[in-house]
Amino acid sequence: DAPWYRTVLQAVQLEADLRLLPAGDKTEIGEQGINLSGGQKARVNLARALYKKQSTVLLMDDPLSAVDVHVAKAIFDQAIMRLASHQTRIMTMNSHYQFLPQADRILVMENGTIVGDGSFAELYTSFPQFLTRWSDGSTPPVTNSHQGMGEMQQPEHRKRDPSAMSDVTDDDDDVLILDEDRAKGVVQRETYLAYFAHVGFNGYIVLFSILFLFGVGQSLRISTDWWQGYWAARFLTTSLPLYHGIFYAFVVATALLFFARSYVLVTCTTRCSENMHNELLRCVLRAPVNQYFDVTPVGRILNRFARDLDIVDSVLPNLLLDMLQTGSVVLGALVVCVTASVYIALSYIPILVVFYVAGEFFKKSSRELKRLEGVSRSPVFSSFAETLDGIQTIRAFNMERHFTWLNRHAVDHNAKFQFALVGAGRWLSIRMDALVMVLGAAIVTLLVALKGTISPTVSGLALLYSLALLTTVQWFVRLYDMTESAMTSTERLLHFKTIPQEAPDETTEDPPTNWPTHGAIEFKQVKLRYRSDLPLVLHGISLDIHGGEKIGICGRTGAGKSSLMIALFRIAEFDSGTICIDGVDIASIGLKTLRRALSIIPQDPVLFSG
């Protein structure tokens, strides 16, 4: 209903604000309306309630408290009294008492009980604070609500015709929340090295040490099997104590190496997970609000710290252990079979080539599917978080079905990649089973054909390890792919190390601990923008505030009042200019030192709500 939509916008005084937005009413405002001021949020909420004109009761929780007197009068006259005239209007008020005479009935509450009930004429003598609040907050009568709107001068190039508000085309420059980035192609070697570097040593050293332990352990395992065959061939002519002692030595050494390699790997991966979590949490906590949290959905951060970190903590270590154990078995089996006969080695070549081609083809699909599954999981978290935040509004406007559909759409989109990933795994299993059967048949056929030319010990070992190869080679390919897929979670977590960081907490130029002593503040040609791609919000502000003064800063929505506080706390670093407190340039000191010396009561509650 476009005409009614325009009427509501005009009544709640939002047209001027929409003209200033880069894409009009198509502008993305971010999670919890981070791009809107308190007054704009109140008017958007009121507009949403008025647009639903079929309702018979309109409940308003102090909707005028966040707007100035001129705008409050225009909203009260045009929206509450005119557009909502057909509805029963119930409004709580803690300000703007000049509108009370127009109420049909007034309830006065104190300490949770009703202490007055009646019309304004009946109550104002019993509650003189009505007149006090009225007189203190009164202003000259506003005969034309648009006169107050016109007092705010804006550059012509930023204005937009209201008739074009809903016809704005999408433009990437106006997008606040960008699509989640993802790497493409193989998981780079640097990712593995960066992961193992979180042990506290060089990544190459850690990785080489782990591979060395697994290689030595498997060599001892093969040596133990070989010694059994060698002993069996000389059983009647050998000294039992000597062969027993050597065999037990091999067994004990193999067990110790197996335990050592598992212990080292588990210890390293545990330290990697712990150190990575601590470092990434520090990076996120020190990320600038304006450059990171304003443009990154909470669901995306929760997804990486919940699902991705869980994979790195509990899934990746097991996969690495299984993959390296299985890989050492496969490599040992290939070495033993190749040592048995050159013909067996030649028979491996075409089959291994087919293995490699099938595995690489599968990995390309599986790896990208895993990345897409991870990216598509973030909207599920975001949708759930947004629904919890706005559950009261959703229920009030009977929008449960719509948000249920949004959540199902996000879940279905994520499930598509999950099912595709499972299907790709089944595709590989069928082909690996067929190739393993061909490989096993080739090895057995060659051992039978070469009977008499290979020693029984070597032939037995070749047959033993070829049978082991039948069951392990397929599992190794799967484990390798699963490990690489799990490493994409590490890849996504390491992205946190690339996000911008705030200035240091402390510097060598920090003032004494008793700073500031007077509280004199001086702004000198301060220019501020929230991000490099956005226009200036402070245009060369110069201001002197003497110590002990009480200063009131007035202005319409978007005038830059909150931006002064943001500059003072260095929540966003200013482009140019200086701010001095008691003669100390706040840009030269640590953030912890600065913010410890300041106090603020924000417009929106952070720690408490209600």
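Backbone N, Cα and C define each Cβ position, glycine as well.
Note that the structure is predicted; figures quoted are calculated from it, not measured.
According to TrEMBL, the feature region 'Disordered' maps to 136-169.
The compositional bias 'Polar residues' feature in TrEMBL is assigned to 136-147.
Marked as transmembrane segment by TrEMBL: 192-214 (among others). Within the chain carrying the transmembrane segment (192-214), a Cβ under 8 angstroms from the stretch's Cβ atoms is held by residues 257, 260-261, 264-265, 268, 271-273, 275-276, 279, 324-325, 327-328, 487, 490, 494, all 6 or more beyond its ends.
Residues or ranges marked as domain 'ABC transmembrane type-1' in TrEMBL: 210-485.
If you look up TrEMBL, you'll see 235-260 (among others) marked as transmembrane segment.
Residues of the same chain lying 6 or more positions beyond the ends of the transmembrane segment (329-358) and with a Cβ under 8 Å from any Cβ of it are 218-219, 221-222, 428, 431-432, 435, 438-439, 442-443, 446-447, 450, 453-454, 458-459, 461-462, 465-466, 468-469, 472-473, 476-477. Sequence annotations record features per position, and here TrEMBL assigns transmembrane segment to 329-358 (among others).
Summarising the annotation, TrEMBL assigns transmembrane segment to 434-454 (among others).
Non-local neighbours of the transmembrane segment (460-477) in the same chain are 222, 225-226, 229, 323, 326-327, 329-330, 332-334, 336-337, 339-341, 344, 355, 359, 362, 428-429, 432-433, 435-437, 439-440, 443-444, 447, 454; each lies 6+ residues outside the stretch with a CB under 8 Å from one of its CB atoms. Annotation source TrEMBL lists transmembrane segment at 460-477 (among others).
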